[in-house]
Every structure is written in C-alpha cells, then in structure tokens.
Amino acid sequence: MWLKPEEVLLKNALKLWVTQKSSCYFILQRRRGHGEGGGRLTGRLVGALDAVLDSNARVAPFRILLQVPGSQVYSPIACGATLEEINQHWDWLEQNLLHTLSVFDNKDDIASFVKGKVKALIAEETSSRLAEQEEEPEKFREALVKFEARFNFPEAEKLVTYYSCCCWKGRVPRQGWLYLSINHLCFYSFFLGKELKLVVPWVDIQKLERTSNVFLTDTIRITTQNKERDFSMFLNLDEVFKVMEQLADVTLRRLLDNEVFDLDPDLQEPSQITKRDLEARAQNEFFRAFFRLPRKEKLHAVVDCSLWTPFSRCHTTGRMFASDSYICFASREDGCCKIILPLREVVSIEKMEDTSLLPHPIIVSIRSKVAFQFIELRDRDSLVEALLARLKQVHANHPVHYDTSADDDMASLVFHSTSMCSDHRFGDLEMMSSQNSEESEKEKSPLMHPDALVTAFQQSGSQSPDSRMSREQIKISLWNDHFVEYGRTVCMFRTEKIRKLVAMGIPESLRGRLWLLFSDAVTDLASHPGYYGNLVEESLGKCCLVTEEIERDLHRSLPEHPAFQNETGIAALRRVLTAYAHRNPKIGYCQSMNILTSVLLLYTKEEEAFWLLVAVCERMLPDYFNHRVIGAQVDQSVFEELIKGHLPELAEHMNDLSALASVSLSWFLTLFLSIMPLESAVNVVDCFFYDGIKAIFQLGLAVLEANAEDLCSSKDDGQALMILSRFLDHIKNEDSPGPPVGSHHAFFSDDQEPYPVTDISDLIRDSYEKFGDQSVEQIEHLRYKHRIRVLQGHEDTTKQNVLRVVIPEVSILPEDLEELYDLFKREHMMSCYWEQPRPMASRHDPSRPYAEQYRIDARQFAHLFQLVSPWTCGAHTEILAERTFRLLDDNMDQLIEFKAFVSCLDIMYNGEMNEKIKLLYRLHIPPALTENDRDSQSPLRNPLLSTSRPLVFGKPNGDAVDYQKQLKQMIKDLAKEKDKTEKELPKMSQREFIQFCKTLYSMFHEDPEENDLYQAIATVTTLLLQIGEVGQRGSSSGSCSQECGEELRASAPSPEDSVFADTGKTPQDSQAFPEAAERDWTVSLEHILASLLTEQSLVNFFEKPLDMKSKLENAKINQYNLKTFEMSHQSQSELKLSNL
C-alpha cells in the first residue's frame, strides 16, 4: 500500500534492508532476513529483532523509497507484503512518474510533486477502503494490512476497528492487538517468538459481559460454547465494550434473527460497516427508544441547548434531537422535561437576534400558536438550515389542511374546560383533511364503527351515579388544569407532574385521546388519511391461515365485557386484526394481540385503535409479536436480572428465577390485561403508553416485592404461581366508574377467609417510588446483553431438537453428531460472511422443522464432503461430492438439510458392505450421474475396459479357482432372496459402470493394501464385464440363460490383458461395440455385490472400521483454511479476468 511520506536517513537502515532494484528517483528494498531461509546470521538477527518487537516489517517486508539526487534524506512511499504487490507499485511509478520527473530542475520540486501524488493515491485508496471514516486513517491502514496478513481472511471480511489489550491465558496476560471485524473477533499476540492467534465468530459468542477477577477490576469476558476468554488493559474499556456489543448484536440478528430484523439503511451492506456507523446506530436506537418513535426514524443531529419552560419560568438545560420528522428535547435531569415536536405540527423555524441573555436563539412555532424557544445552540445557522430543509420536505409529502369546525366539535366533546388560548384545541391532534374527506371516508367504509365501544356499551357500576361522576369530574378537572399550564397537544411539556396524573388513572373520557398522544399514534393517523379504510377493503373476505387464527380467537377476547358479547364489537375487532395482518405480513397475527386490540377498541375509534396497535407492535414492543416472540423473551431475561438486583433475598431463595420469568411472559405480552381485572389493568396500560416498557418492568417488580414473603416461603413453582395469581386477581380499582370485569385467569381459593384487596393506584405508586430509577439507556443495554443469550438459546434448542430427531436414525455417536452439526452450521455461516448476498429465507428458516432450518448448497456440501467423507478420491473427490449432492437433493431445490447429510455419512462410516456398495451404485446412475457429468464425457466411443479377461485365475500357491460355478450360484441365490417389496434399482449401463470403476480405483489410491485392491478390482471388473456381455447377447437372441454358460466356457485365459486398457490404443474389434449395443450392455446391483464378495481384500476394505473423530478434529482445524483459500483463489481469478 502507499504510505504517507516521512523522511528517514538511509545510512541508519543499511543493516536492516537490502536493495532489490533502483532508478534515478526510487529504490525498492527487501527486509534483511526475509526470503533467505535459515541462511545468514545477520538476516536471522534482523528477523528475530522484528519478531520480538512485532515490527511492521514482519507484515510488509518490502518498501519503495523516494530518493532525491544529492540528498541523504529518503522518504518511504510504499510498502508491500509480497514481491508481486510491491512490483505493482514500482511499475506504476515507472509508467506514470519517472518520465515526468526528468523535466524538473529543482530537487525540492521533485520531492513535493511525488509526495503530492502519493498523498492523492492514499486518499483514493482510503476512500475505497472506508478508512477515511476513522479518526486516524494512517494508523488504521497499517492495522488493516496487518489484519489481512495475519488472519488471511477473504477480502469481504472488513476490519471495523482495533485496540491494544491483553488476553488472559490462565493467570498469564498476553499483550497484543484485538481486531474487531464485521463477522469475527480476532486477537493476535507475538512476543519473544511465541505467536498466539485467536479467531471467534460473533455468532459463536453466547455471553458478552464486563467482569472482575483477582488481578484486574474490569475485564471483558467472551464466552463461547467451550471456552471463556478475558480481555483487559484497554485505554477506554467503555468504548470497546459498546463497539463489541453493537457488532455482536448486528451480526447475530442479521444471521440468526432474519425473521423480523431489519437493518438500518447504513448497515444493509455488512462490508460497508464502520465504527462510526455502529456508534450512530447505538445513538439512533437510544433516541427511538427514549421518545418511542418509529423504527425508521433516523437521527441527524444531537445538540446541547436550553429550552424556555414557562411552567418553571426559566430555561432548562438539555439536548435537542433532530431527526427525519421530529424535533425532540430532553432535559439533563431525568424526568424534568421532555417534548416531542412532529414536523407536521411545525409552522416555522426562525433565528432570533443574539443577546447576552439569549445567545444563539431559535424559535419553533407550531400550528396551535405556541412557540418554543431554544438558546445556546452551537452551529445554529447550519442546524436551522437543515431543519428547514426537512420541514419543507415533510410538508411537501404530507400537506395539512386544517379544519376548525372539526376541531371545535372535538374540543367541546372531549375537553369541556377553558384552555391556554382560544385556538389551542385538542382537535389539532386529529388533523383531518376536511369535513368532506371525513364524510367520504365514512361512505367508503360504512361498516366501520364510528365511536369507541365503551360509549355504546357503558355499564352501570356498583357505586351511585353521582359518586362515580364526581370522581371522574375531579380527575378531568386536574387534567384540564394541567393542560392549561403544560399544553394539550402532542407537543405538550412532559414532566414528572403528568406522570403522577397518569399513575392515578386517566379519566375514561380522555383515555383514548391521551393514549394516542403519548404513543404518538396520532401522527401516524394524521399522516395516512384513508389508509385504514383501504386496508379493510383489501383484506375483506380473504381467507388464509392468519384469518382462521383470528376467527378462532375473536370470541376469547374480553368475553366478560358486553361489547364483545355483541357482533358490533366482534366485527370491529376482526377488521382491525385482519387489516394489521394485511399491513404487516411479517408479524401477521399472534396470540395476545386480540386481547390488547379489544381493550384499545373500548376507548378509541376503530381507526385509532388500528394505529395504536401499529405503535405497540412496531415500536413500543419491538420483536414481541412474531413466531418466536424474541422481544418478549429478551425482556423476560432482563426482568430476571432486575429481580436479582432489586430483590436479592427473593433471588437467593428461588435459585431458579426462570419460573418467575416464564410466569411474567403473559405480563409483558398482554400488559397485565389477561391476568388482572380489566378496570385495574387499563391503569397499567395508561402507564405503558406514557412510560413504555419501563412501566411494565417496575410494576412486575412491585408485584413480586408485595408477595416476596409468601414467595420465599413457597415450596415449589406451582405454589408460587398460585400466590401471584391470587394476588393479581384481587387488585381492584376503586375509582373505576364501571362494574368489575374479571380477568381471564381468575384464581378461586377454597378458603372462606376474604383475601386482602390491593388498589391499583397504590401498587403503581409504589412501583414508581421503589423501582422507577431504571433509565431507558440501562434497559436498552440489558436488552443488548440478553438478546445474545436468547438468540443463542434458540440456536441451542434447534441443535438439541435436530440431534434428538436424527440420533435414533443413525449409528453415529451423539458427540460426533454434535460436532457434525457445528461444522454444517459453520459452513452455512461462512457463506453468509463472504459470498454474495442471497435470500436468507432459502438458507436459514426458523419456521421450518428443526432438522431442515439450516440448509446448504452444492458448493458448501462439496467443502464438507472433502473435510469429513471417508471416501477420499484425490482429484475425483469433488466429482463424487457433486453426485452425492444430486442424490441427496430429493426435491431438486439445490439445497439439502442436515438430516440428509448425516444419513449419507452414516452409511459411509457405519453401514454394512452391501449398504455402502448400494450407495456407490446409486451415485453412478441417474439422477446422481447425469448426461452432462463432466467426468463422464469421453472422446472415445469404445469402452475403456477390456472384456477379454479370463474367468480362471491362478492363486499365489499355484491353485486355480474357477469362478463360473460360484458366479452362477450367487446369481441364483440373490434372485431368490431379493426383497420384492423394495423398489428395484435400475440396471447400470456401460458408461455408468466405467464411472463406477473409476471411483473405486480412486478410492484405493494410497491405501496400505493398494496393490491387492487393484488386483482384486481387476478380477471383479472382468467378471462384471463378462456378465454384461452375456446379458447383451442374451437380450439380442432372447435366451440369456442358455448362452450364459456357453459364453463363459468359450472364454480363454489371457494374462497379458489389463483391466484398465490404454486409452491411447483402440482394440481391433472396437467396432464391435456400436452405440445401440452399448446401451444394451447392463449389470445390476446384485451382480456387482456378488462379484465384490468374491474378493476378501475388497470385503476387508469396505468393512474395516473408520475413525470419524480424527476426521472431525482435522475438519474443525481446516474448515476456515479451506474456505479462505477458495475465496482468495476466486478473487485472484476475478482480478486476472478484470485485468484481461
């Protein structure tokens, strides 16, 4: 590679470098000791010095120097790992610069010109290799060269970043370099002549954590299936851990969770991932989780600033977040103040004049005639310019038509109270295009229910109407006061005060609207007018597996509530669930969605319920609603760790917290709706829409804390489950205006003693007071940590189930079968790493049966066959692998699963001789052997085998053995014993038989009994050729049985004949085998097996025990080397073709 020119004195390097060639201005040198074998003492000393110091010259032992005539100062301008690489640079210099330099008179001009050219080349090379995105591109380029030379990965394996650190081997630290690439974690150490290389694929990492040991307080521990590795002594351990966490998460989800995982656009191409991309992704995910925004929202800028907060009459310090469609603000102090400004609501963004009190201010005005003042903004001009550009784009894509009549109507319906200003309507949130569009929408979807179901099916509570209304009015009054001070639209100030109001329970008349506000579903609703109605029409009447599942669960959704004892509620629920399944087929429909949607329909209109469901499924509970509920399982593991941290006594008593975590699955999936009375559970949903998943975590901890004493005294998991069920069933809501609606899993005790009742408001208040200290950032970090474990847990489950299915059907030892599965999966993964992107669904499909989830193609199978097959045939191995793949590919989809792969190996290693011969036989007839088979194409029309061999041979002791009688008797016996129920294999033609013999011949190569095997196969081949000729003549005359004996008796011994005739010579009677006659020549499996059984050496060869363990050990070592060699050879071939 090209180097940034730096001046050196050549006389100081005379002993270390040897000049290979030179010109007027350039010198090409080789590091002394490189390529000299074990020769000279000086070379060995320099090599030892480089090894001890881990010098760059060990990796790049060639360099080119710029020399200016008359100067003793030289400048290295290029280095290379090989002579070919450095010669390419030398040739470029000769062709492009050497003649140009001769026109310069001033030597300083020569140096400046060359250095400028080299720097331009470096910039171009840097741009192509993404190094310009690193903080120190020169050092990164050097590290990149070392990484490529030390680990010999294909070019597709891109280095992301590197760090100096120690890897602990027992109690001994090894100082070296940690290289983090897109698919692997690599460590290299070379000290005092001892080299250590460590390569760990990210997909093999089962645990990534920060730990402490006896020697060091802070280390990073990597846990794989078999080993633990500790890394320490980083300059910035926090940064390293975050990058490793991001890389592991991206790679694991890209390769193992492709069912629902969508990469950010910047990470779509793995080979383009850089450290900055990972940092941006982490910041993006925190931003979306903190403000609960759509997953496609991309963060553009984070700026420190201060916001004028009228309720506190001062400026509040914090940070502004600017994204595609939002301007958000969060105060430095957690919970103090937060705002979300959709750009759809923004009217203008203006710069104000700077003053000493208001430095660098801007004003953001929204449609409800409220302005937000930000000050102390760095780079204000560029920020405002970018915000205005995005504002213009949002308004162009989603024009807003404000309808005051609709707003007045909604404001009077929902908020019968005074407001901050006359135009500050809650109805702004609806953003209806116009009254005409609203009417046309109703005409378009006449079946859509116009109101929330709770208004049509209002129940009378046990309390008096006056008492119920008075409590509701008090809450409404408190909320109205809050709206006056903090705002009532989606752009309201969100403070600790509103959290307290939410914890008390939102009034029923405001509940649906505030859910829309807190989740920001109102923005989706306003941005997609008519979208839901179109979905309903498109999905109406369609029948599929998803609609059948929905129909099955419709009547299980809040059956106690009168709204869902009526076709009106059932029909609305059906439309919303079917429309969502039509919108998002990746999720489709999952159980528990029906319970959540039914509650949403109680308090919101049908279309609003749909957008709330979108918000919950796609951003508030990511990855919850899919076939494997990965997101819910991750949060269960997070919840388990939170129990250990906040309730240590309970965790100590219950050694296995997985039981509590499994009980909590329904808490997370249904937001407590399925295990708590409805009038209490809706208060939980209130908190969820305001605080997100944090509210569910802290409420779960509060439930366990309230029952900790009883749980500690419980004897088993069943009793603990009953304790929690009884407690949750007796949570009441004293402020609920409606009658109690029981939970789906109410617990009834035989005891007559009344169980104490817990008020939901008290429980929620306790959860905030005792467990409300968890931040979004902490929860996201825990999710990263546990997502690795959950995904690897799924992989382990898949592996165990595959082995459970396959073990009874094969004779391979379970531990060897496990090793084979790991090799099979690793082969699949390596193709995902370095080959061109292919549709992942055709490879790893979690919805398929366990044994068929990982599948490999013909090329991958050939690699594995070469590594683990006992039938090594030299150059013929690849051809045999192709035929084996075609045989195993029953459905002709060019993919095979693990079960088929193992069943084939089982026959090769553990099968009886007849099974092995049958497999070989099938490999040489269609479909395994095709007309286009590359090894079966021969320019000769005549057979390659002689058929004039005798049927009488001499034994070593001089006795003669007549095979005629034996052969005839064997054929008769086989005909009698043949299993009529088994499908008969087609007979083998002469061409196919020739290929069969070639395979046997190549299998015997380098065997200890090679000579005996060749003599035996010569005998067997002659027998079979004679049988084929007899059958051929018999078929032409119609009396095969009579002619068989005559033909055999007519055979004359001829010791000079060879089994494999010289292909360069054609027998004189070659014309006796025309094409038609060749087609008539056939032998059967029974003939081949009977003939092979006549030779003891062949029987011994096929029945000798084979060692699979040694093969597997070699395969584990060589699998990566074989793949990288093939990839590098392929890339070199492509390079040569491109040069041509």
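Residue 1 is the first one shown; counting continues down the chain.
Cβ coordinates are placed from backbone N, Cα and C, and glycine is handled just like the others.
Here is what Swiss-Prot says about this protein:
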- 1032-1043: compositional bias 'Low complexity' (COMPBIAS)
- 285-353: domain 'GRAM 2' (DOMAIN)
- 1031-1070: region 'Disordered' (REGION)
- Arg552: site 'Arginine finger' (SITE)
- Gln591: site 'Glutamine finger' (SITE)
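DSSP classifies Arg552 (site 'Arginine finger') as helix under the three-state reduction. On a Cα basis, Gln591 (site 'Glutamine finger') lies 10 Å away from Arg552 (site 'Arginine finger'). Each residue in the domain 'GRAM 2' (285-353) gets a DSSP state, and the totals come to 7 helix, 38 strand, 24 coil. Each of the recorded sites Arg552, Gln591 was assessed for Cβ neighbours inside 10 Å, and the highest tally belongs to Gln591. Look at Gln591 (site 'Glutamine finger'): DSSP puts it in coil. Across all of the domain 'GRAM 2' (285-353), the predicted model scores a mean pLDDT of 93.
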